[in-house]
Amino acid sequence: MSIMELSSNIDEFLQATTFCHNLPQAIMTDSIKDLVGEATLWEKTSLMDPSNTASISEKDDTDLQKEEGNEQQHRKEKRFWSVRYGLAVMIHGSNLISTSQTFGLSIAIIAMVNNTGQSNQSNLYASTDAQVPVYEWSPEDQGFLLSSILYGIVIIIIPSGYVAGVLGGKKISGISLLISSVLILLIPLAADQGLPYLIFTRILQGLAQGMNLCALQALWPKWAPPLERTQMSNIGFSGTTSGNFIIILVGGFLCQSLGWPSIFYICGGIGCVYSIIWFFLVYDDPTNHPFISDSEKEYIVSSLAGQDSSPHWSMPIKAMMTSLPLWAIIFASFCRFWLVSNLTTSLPMLLNNIFDYSIEMNGFLSALPLLTSWITMIIGSQIAGLLLSKKILRLITVRKLFTFLGMFIPSLLVLAMPYVDFLTAIIFLILTSSISVLCFSGFIINSLDIAPRYTSFITGLTTLASSVSGVFSPTITGYFINQDPESGWKNVFLVSSGVNFLGMVFFLIFGKAEIQDWAKENTITRF
């Protein structure tokens, strides 16, 4: 990187920070209205292809005029009533169902376990109602059961990302969601047969969940116009947050009123129905969709014409291994999830040990950070779209700006968390969760910018990195707490803050937003 280029990036980044600090109220209002489909923002903004922003000076006037002509033709069509945004909503629903199926056990296990029973009788249960058994599993058994789904995800995530990138996302996603739904319907039966059967069922469910995760990402390169990638992908990604939010609010009520098996029957039944609807409504690309309008089809195809997103069985493995922009995404994923996983798993212990405050399973308190995160994710994506559509910032600057905000501020809040009172700690937790999701408009979707044809495979890599981080982070936390419970928490959050900050710095230095040479057709090497 040259001195002039570095200076330009710094100037533009400072400009971005100043802009966000003084963001006009009118733009914020337009952003929120656009989210609910009432705005005329689409008619007021001028679109450009963000993946080519970094090298826009290389475009000739003829190409720009042609691109603007296609945009003018499509402006009259409201995007939130379009087929492509319908796809984003379908992906949102798939993520919502998958997440509720994944974390439903975390809610149900409270009602499934007899805490007063003997831990050595793990396959027996006592119950006053034969239809609602209560099992006697030790805390170690419960911990292994809850984490068993992760083993399936880790095993399948990279192979499924590779296959989904070649075969397309529709069939793989629909089939994997159907398999996961059938398996979750079998959980009450598996639990009745014994803990090993239940763990095996959860591992199989993890295999299906991992396939679905990567398959969904394979749809974006064919459907999301470059300027709308941030908004569309955030609509889809936010399904994971809304799924968590719903299962936390509804799960406890279902356990108390209908019994814990109802969580699995309802989540599984909805998933089976949704997967059938998925096969009828979702298509791998707009050219094969029977109901899309000609204007929308032409707009999507023309906006993606300059990008090579065609999948291949061959992959440039050597080039990918030496690509710093790719490693910037992977390393940032590892570092961010280190902090996130530490918060979700360790904060209750922190509040109990330091503040001597025992947290009950309060649905509202647990769900509030998820609700605020969902709102921040959607609004953040709209602001990112505004910055691009109004040509205020380049694509790479938007990606780095939102990565900076989503990682730097949480690092500061986490660093201060052990030194504040209970109420302030809860506020910091909510702020950390809400601000952290701004990364979904930053490095998390950056794979669509640098390598759209390999985005599902890269998703597998980043998910694997996050999973490894989720394993090491609690281990380090346990080490510090065992050494000194009082000062250990300060070290836990100091390390979490430092790791998160390091990932941010690495991406700010090495992150890119233009398609890499190894992701282009003429540089493919055999796998």
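The backbone N, Cα and C atoms fix where each Cβ goes, and this holds for glycine too.
What TrEMBL records for this protein:
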- 57-74: compositional bias 'Basic and acidic residues' (COMPBIAS)
- 87-515: domain 'Major facilitator superfamily (MFS) profile' (DOMAIN)
- 50-75: region 'Disordered' (REGION)
- 85-113: transmembrane segment (TRANSMEM)
- 144-165: transmembrane segment (TRANSMEM)
- 172-191: transmembrane segment (TRANSMEM)
- 197-220: transmembrane segment (TRANSMEM)
- 232-254: transmembrane segment (TRANSMEM)
- 260-283: transmembrane segment (TRANSMEM)
- 324-344: transmembrane segment (TRANSMEM)
- 364-389: transmembrane segment (TRANSMEM)
- 401-420: transmembrane segment (TRANSMEM)
- 426-445: transmembrane segment (TRANSMEM)
- 457-481: transmembrane segment (TRANSMEM)
- 493-510: transmembrane segment (TRANSMEM)
Please identify the stretch among 144-165, 197-220, 493-510 with the greatest number of Cβ pairs below 8 Å relative to the transmembrane segment (324-344).
493-510
Long-range Cβ contacts under 8 Å made by the transmembrane segment (197-220), restricted to residues 6 or more beyond its ends, are 87, 91, 94-95, 98, 101-102, 105, 144-145, 148-157, 160-161, 164-165, 168-170, 172-173, 175-177, 179-180, 183-184, 186-187, 190-191, 229, 232-233, 236, 282, 284, 311, 448, 452, 455-457, 459-460, 463
If you count CB pairs under 8 A between the transmembrane segment (232-254) and each of 85-113, 144-165, 364-389, 401-420, 493-510, the winner is 85-113
Would you mind listing the long-range same-chain contacts of the transmembrane segment (144-165), meaning Cβ under 8 Å and 6+ residues beyond its ends?
102, 105-106, 109, 137, 172-173, 195, 198-199, 202-211, 213-215, 217-218, 311, 315, 453-461, 463-464, 467, 470
Does the chain bring the transmembrane segment (493-510) near the transmembrane segment (401-420), so that three or more CB pairs sit under 8 Å (pairs 6 or more apart in sequence)?
yes
Chain residues in Cβ proximity to the transmembrane segment (401-420) (below 8 Å; excluding those fewer than six residues from its ends, i.e. six or more beyond)
13, 16-17, 20, 332, 335-336, 339, 343, 350, 354, 380, 384, 387, 393, 428-429, 431-432, 435-443, 489-490, 493-494, 496-498, 500-501, 503-504, 507-508, 511
At a C-beta cut-off of under 8 Å, are there same-chain residues at least 6 beyond the transmembrane segment (260-283) that contact it? List them, or none.
86-87, 90, 93-94, 97-98, 100-101, 104, 107-108, 111-112, 131-132, 170-171, 173-175, 177-178, 180-185, 187-188, 219, 247, 251, 254, 289
